[in-house]
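Visitor: Dumping what Swiss-Prot says about this protein:
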REGION    2-145  region 'VHS-like'
REGION    231-253  region 'Disordered'
REGION    277-301  region 'Disordered'
MOD_RES   S284  phosphoserine
COMPBIAS  285-294  compositional bias 'Acidic residues'
MOD_RES   S291  phosphoserine
REGION    389-418  region 'Disordered'
COMPBIAS  400-412  compositional bias 'Acidic residues'
MOD_RES   S403  phosphoserine
CROSSLNK  K416  ubiquitin cross-link
REGION    479-503  region 'Disordered'
COMPBIAS  479-489  compositional bias 'Polar residues'
ZN_FING   571-598  zinc finger
BINDING   C574, C584, C592, H595  Zn(2+) binding site
REGION    595-672  region 'Disordered'
COMPBIAS  599-618  compositional bias 'Basic and acidic residues'
Amino acid sequence: MDQKLSQLIEELTTSGESQLNAQKMKELKKICKSSEEQLSHAYRLLITQLTQGHAEIRLSAFQIVDELFTRSHQFRMLLVSDFQEFLELTLGTDSDRPLPPPREAAQRLRQAAMQAVEGWNEKFGQAYKKLALGYHFLKHTKKVDFRDINVRTVAERKREEEKQKHLDKIHRESADRAKREMEEMYDEIECCLTEVENCFKLLVPLDFVPCPEDKFFGEASSMTEGYAPCPLSPDLATPRESGLSGPQDEEQPCCSKDLVASAYHVGSVVGLKALPQTAMKDSSRDEDEPSDPDDFLRSHGLGSHKYTLDVEVPSDGLKVQENEDNLAVLHAARDSLKLIQNKFLPTVCSWVQRFTRAGTYSAHLKQAIDLKMELELALKKYEELNIEPGRGQRSRTEALEDSEDEDQDFVEVPEKEGYEPRIPDHLRAEYGLEPKAPLKTLEKGTAVCKLQERTRMRREEEASDPTSAAAQMLRLQDCLSSPSPSSTRVLPGPEEAQKQAERARAPIVPFGVDLCYWGQEQLTAGKILKSDSQHRFWKPSEVEEEVDSAHVSEMLHSRHITFSGTFEPVQHKCRALRPNGRLCERQDRLKCPFHGKIIPRDDKGQPLNPEDRAREQRQQLQRQQAHPDWQDPEFLKDVEAATGVDLGSSRSSKKGKGKKKKHPNLTDLRERTNTARARLEKKVFAKAAVQRVVAAMNQMDQKKHEKFANQFNYALK
């Protein structure tokens, strides 16, 4: 019975579910009702589970305690006797013993415990004095607010208040810095906006908007379209309306009455403010000069009144063509807009965010928002201009200027009189020159001369080096030839002739430091000689007179030979069949470290040569003979199913043993969250990375010791 009770409590508390299993909970209650000993044993097991370092285990154990507390007087007596410890384990009233992770489960445990303690006090507070005292202790001493949804303790509230004060202080300081930056940069931003507006006025010198509030170019076209059908004032009327009659007044169409306005609007867009001034000028001119219908038609380029004029305003907005006239203005506007987009607008947006977080800089916030709207409006205006780049004008101008500069660099020199750069073959005898040799003979003779010249120069260079074999041979020849100049020459024997031929074929190796110290075990070079310190006080206790330098010693014993051949990349692959059914993709030159010598194989990984196929079959048979039949995984599974004993069949097919989780349903506390800090720590504090850093630092220290070995600071170490 005790084993069954322990198993039930273990399964219920380690399930990791928010609600308890009703069937298992029913069995647990039935066991607890059987005797008081079983109830006491269940209480001890639950207290043990409440001390576990996992909030989900404590939450499930508390739910069991709540179920048993409301049903058993004996269980209430046991719990009230250890009520303080119970509160510390469920509510975290002791700041030195906070609730364990995970945080969400700990928060749910605290809320459930708070509601349960309040309900227990209302129902059983009068009967159990310790329960009422515990509730009073929580409410008045620990200052626990039972109406608080988050169920925070005094220490937690204090920590959150301090954290909020710290954040408010940071936001205030950030807003103060933004205020100072705004005061410093406001004039610069306004100057930049003024430059952009002036550039726009130079590019489009017409007033598009009737009121200063509307600043978008898109509204200009709509206003112009709306203005086109409006009737003109009497001062701008046609001669017929002014009282001048003609023979063609009856045939004049209605649109001819607006010829002045139509001609004024052809090919451009005119603002509404300019119309009254134009009308006043025209009326004053009409008063001074007599009006004539023919003069009116001729002045406006019209032949007669028999046709109509339709003025179409493009609906797609403006289009500014880039040319040589507005190139400088466009460059200035682009520079200012680039400064706005890359510097001013992000800075102003950051000001708005800082002032919003602080919440106390309403005036500065409004000013920053207005400034942001002006900057965005300037960028939108530039987009609505639809600037079309010039078609090759700039490139042609620059190319022309570059060609002129290049032509100025050359100085014209007159040709030399009588100079012939090439003498014909039939005139070479006339100039006293030898006839030109054939091309093949000339090339062959030139190649032979060059080869002889290189051989002679190489011999002279070798003879000039006293350490070379050629110089030694030359010295020996001088010594042998000087005592007997008149002696007859002795023919060399066959062995000497063979040696001379081998010497002639032997390659010439340049003399290096390794040949100088070849075969010597005790090298004098590569050692640092330390002199004894003559100071009275700064003197090391033990001085090594000679210190070997590993770097220099390695140079004296080794030689770097450059590979003179050509590198041929590996084109073939191993293509051996892997256990997962795929082919090996390693591109080793001769031997694969996993599958041995690389041999030609087909698409299925089988060897193409019969000898290789037979050899692999023999190796496979040897491996099968070395592995006993009773260790076959399928056979072991059948035996396990028959006997019920674990023979390790599940581990036989795997490389590693693996560790099974004890409670897989619980949240793994050792699993770290995938944050940026965790990923950086994994890379920075990796074993290989730490070893590389240590090796680099040791190498730096060794170099300092070798370089400053005579200084007392390094001599004492």
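Including glycine, each Cβ sits where the backbone N, Cα and C put it.
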Visitor: Other than its own, how many Cβ atoms are within 10 Å of the Cβ belonging to H595 (Zn(2+) binding site)?
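Guide: Result for H595 (Zn(2+) binding site): 19 neighbouring Cβ atoms inside 10 Å.
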Visitor: For a quick check of understanding: among the binding-site residues C574, C584, C592, which residue's Cβ has the most other Cβ atoms within 10 Å?
Guide: C574
Visitor: Mean pLDDT over the region 'VHS-like' (2-145): what is the value?
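Guide: Here the predicted model's pLDDT, averaged over the region 'VHS-like' (2-145), is 83.
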Visitor: Give the helix, strand or coil assignment DSSP yields for H595 (Zn(2+) binding site).
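Guide: Reduced to three states, the DSSP call for H595 (Zn(2+) binding site) is coil.
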Visitor: When the region 'VHS-like' (2-145) is classified with DSSP, how many of its residues are helical, how many are strand and how many are coil?
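Guide: Secondary-structure composition of the region 'VHS-like' (2-145): 107 helix, 0 strand, 37 coil.
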Visitor: Reduced to three states, what secondary structure does DSSP give C574 (Zn(2+) binding site)?
Guide: coil
Visitor: Other than C574, C584, C592, H595, which residues of the chain come within 8 Å of the Zn(2+) site, judged by Cβ distance to the Cβ centroid of those residues?
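Guide: What remains near the Cβ centre is K573, R575, A576, R586, D588, F594, G596, I598.
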